[in-house]
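Here the structure comes first, spelled out in C-alpha cells, and everything after it is commentary.
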There are 2 protein chains.
Amino acid sequence: MRVFNFSAGPAALPEEVLRQAADEMLDWHGSGMSVMEMSHRGKEFMAIHDEALADLHELLAIPSSHQILLLQGGGIGENAIVPMNLFGTKPRADFVITGSWSQKSQKEASKYGSAHIAASGQTADGFTRAPARAEWQLSDDPAYVHLCTNETIHGVETFDIPDLGDIPLVADASSHILSRPMDVAKYGVLFGGAQKNIGIAGVTVVIVREDLLDRAMPICPSAFEWKTVALNNSMYNTPPTYAIYIAGLVFKWLKKLGGLPAIEARNVEKAKLLYDTIDTSSFYLNKVERGARSRMNVPFFLADESRNEAFLAGAKARGLVQLKGHKSVGGMRASIYNAVPLEGVKALVEYMKEFERKGA
Amino acid sequence: MRVFNFSAGPAALPEEVLRQAADEMLDWHGSGMSVMEMSHRGKEFMAIHDEALADLHELLAIPSSHQILLLQGGGIGENAIVPMNLFGTKPRADFVITGSWSQKSQKEASKYGSAHIAASGQTADGFTRAPARAEWQLSDDPAYVHLCTNETIHGVETFDIPDLGDIPLVADASSHILSRPMDVAKYGVLFGGAQKNIGIAGVTVVIVREDLLDRAMPICPSAFEWKTVALNNSMYNTPPTYAIYIAGLVFKWLKKLGGLPAIEARNVEKAKLLYDTIDTSSFYLNKVERGARSRMNVPFFLADESRNEAFLAGAKARGLVQLKGHKSVGGMRASIYNAVPLEGVKALVEYMKEFERKGA
C-alpha cells in the first residue's frame, strides 16, 4: 500500500513515473542497458537529456534569452554558486528575507562580497509576510537582488514579482518551480533543487539569462561556473544522469496533465481545501498573511500543542506521513507538491476534522 | 537482452542490484514509499544511509582516523573542492601527473594557489607510466601531494603507494576504488565519483583523515566544506538520496561476493585475459608499461586503424558496447569495472580473435 507523503523534500513522485522507471530499469528502450549504466556521451543518454531540456523549455515557456543548466549541489550549493558566478565585477547583492532559505542565501553570499538585506518579512510571529517591492530598500547598483519565491520551511510564497529593470533578479524557486506558470523573462536567474516538483535529489535546475554567463569570480570552481557548464551542454563534468532521466519522466507527466496551467488549477484546489480547513477551525492555525500563503508548503499548528504527538501518530496510522513541522518552527507542515494528489489532501483534511472532533 | 557494457562511466551495474532497485521502486520495505520519495531526515532513509556507510567502512577497512563524506560534484568538482579545503594555511600543493585526470586536477588547483608538478608520466607515446616515488620532486612543505591512482582515459594505474610521512597524500581513486583492497591509512584524502565501481553518477565518496577537516579557505562553499559536511553526517544539504541507496546495494553485492579480496581476484583474471589477448597479437596494441597497466580501463589500438569502425560495428552487433576510445587518445578502450562479468571479457576477447582472423 502506498502512503500519502507530505514530505518537504525529497518528496512524493507521480506513481506512474515510478512505475515507468521500474519497468525500464534493466533495459531502456531495447538498449540492453539501464539508464543508470549509460555513458553520458552516448546517443541514448544524450536523447534523454535533450528531450528533458526541451520539455522543460516548453513547460516553463523559457524565452530564447535564457538557458537551462543542470548542476549538482542543490539550493544550498547554489547559495555559493550564484555569488561566485555574479560577483566577478560587482561583489555586492541585495537580499529580500522571507524565511530560513533566503537567510541562508544571504549569509553564504557574504563570504564572497557584500550581502545587503533589502527587506525582511519577519514579524513577532516569525516569517509570515512577503514584503512588497515598495518596501525593498535596494542598494546602489547591486550585482543582483536575491529572492526566495517560496520559503519551504515558513510556507511564504511571493506571487507579485516586480520588474527590476537592469538589475538581475535571482530567484530560488526550489520548492514551487513547476507548480504554476512563471514569467521567466522577469528573472536573471531562476534556480531550483529537483527534490520537490522536478524529480529526485541530486540535480539542480539553473535557468540563466545569457548575458549573465560572463560575470564569474576567478575562484569559481569549473564544475559550477555557469559559462563552462553552458558551453558544455551541462556535461563538463559527468551529470547526475539518472536524476535527469527521472526529471524527464516528470516533465512528460506534467505535459500529459496539461502543463503548468492545469497543475496550477489542481494546486489551487488542493491549497484552498487545506487552508479552508485550517481557517474554519479554532483547533488549527496558520500564521502566514493570506496573500503570501504558499500553495506548496502549509505549516500549521494545533491550538493545543500537547496533542502534537497524538496527531502525528493518528495520521501515520491512516497512511498520512511526514507531517511534522520543521524543527525550527515546530507544529505541523503539509507539503502538497504537484505529485501529491487531491485525494491525499482530502484524506488529510478528513483526518484533521476527525481528530478535532474526537481525537486520534 | 542485456548487453556487455564497457563504458568508462557511468558504467555497468550488477544486474541483481538493478533487479532489487526495480522491485523496491514503489514501496521500500513496506514503507509505502519509493526511496526516491523519502525525506533524508526520516528514519527510513537514515537507516539506508548509515548502513551504506557502515558497509563501505567494512569493505575498505577504513581506520577510525578517517571519515567518509558523501558530496556532490564528482571528481571534477573535487578538483576545486580539495584545494578549497586544504589551502587554508598553505596554498600550495604538488601534483604527480599520470594522465588527463591529474592534469585537470593540477590546472584547477592553480586557481586557488600554487600547483607544482612534481613528476610526469608523459612519454613520446603519451601517458604510459606511473612515476615512482624516487622520481617525485616534491616542493618544500606542500599542503598535500595529489595523485590520480587510476587514470581512466590513459589506463595507467599506480600500485605502489609511497609513505609520505607528514605530507598528506590526496588520491583521486574514482575509477578503481573498490576494485581491490587499499591501505586507507596511507592517504590523507581518498575520493571517487560513484559512476564506476560505486553506483550511479551524482554522489562523490570522500574519505578524509580527521585532522585535515580544519584547513579550509574562507571562500569554500558551505555545501562542499568537509568540516561542515562531516559535522552534519553528510546532510548539511539534501544528499543525493537515491544515488546513496544504489551505492548501498552495490556494497551489499560486494560483501556477498566476498569483499575486496574476492573482487580483486576476479579483476586480476579479467585484466589478464584481456591484456594477454592484446600482447599475444600483433593486431592489437597497448602502450602502457606493464607494471602500470590499469585493471579497470584497458585502452588498446588496432595496428590498422582504418579497421576501427568495422571493429566497433562488429562488436556492437554482438552486444559488446561502449568500446570506442576516448577522443583525446583514439583507438579502443574496454573498461572492465567490478560489475563487468568475466563472461563479458571472454566474449570480448573471443570477438577480438575472430575479428583479427576474419574481420567483423
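Using N, Cα and C of the backbone, Cβ positions are placed for all residues, glycine too.
Note: TrEMBL annotation is automatic and uncurated.
What TrEMBL records for the pyridoxal 5'-phosphate site is A:Trp101, A:Asp172, A:Gln195, A:Asn237, A:Thr238, and among A:Thr123, A:Thr128, A:Thr152, A:Thr277 the residue it adds there is A:Thr152. Put plainly, the binding-site residues A:Thr152, A:Gln195, A:Asn237 were compared by Cβ crowding within 10 Å, and the winner is A:Gln195. Nearest Cα neighbour of A:Arg41 (L-glutamate binding site) among the listed binding-site residues (A:Trp101, A:Thr152, A:Gln195, A:Asn237): A:Asn237.
A:Trp101 (pyridoxal 5'-phosphate binding site) is 15 Å away from A:Lys196 (N6-(pyridoxal phosphate)lysine) when you measure Cα to Cα. Between the two most distant C-alpha atoms of the annotated pyridoxal 5'-phosphate binders (A:Trp101, A:Thr152, A:Asp172, A:Gln195, A:Asn237, A:Thr238) there are 29 Å. Following the DSSP three-state reduction, the secondary structure of A:Trp101 (pyridoxal 5'-phosphate binding site) is helix. Of all the recorded positions listed (A:Arg41, A:Lys196), A:Lys196 sits in the most crowded Cβ setting, with the most other Cβ atoms within 10 Å. DSSP gives A:Asp172 (pyridoxal 5'-phosphate binding site) a strand state. Across the domain 'Aminotransferase class V' (A:3-348), mean pLDDT in this model comes to 98. In this structure, A:Asn237 (pyridoxal 5'-phosphate binding site) belongs to neither helix nor strand by DSSP; it is coil.
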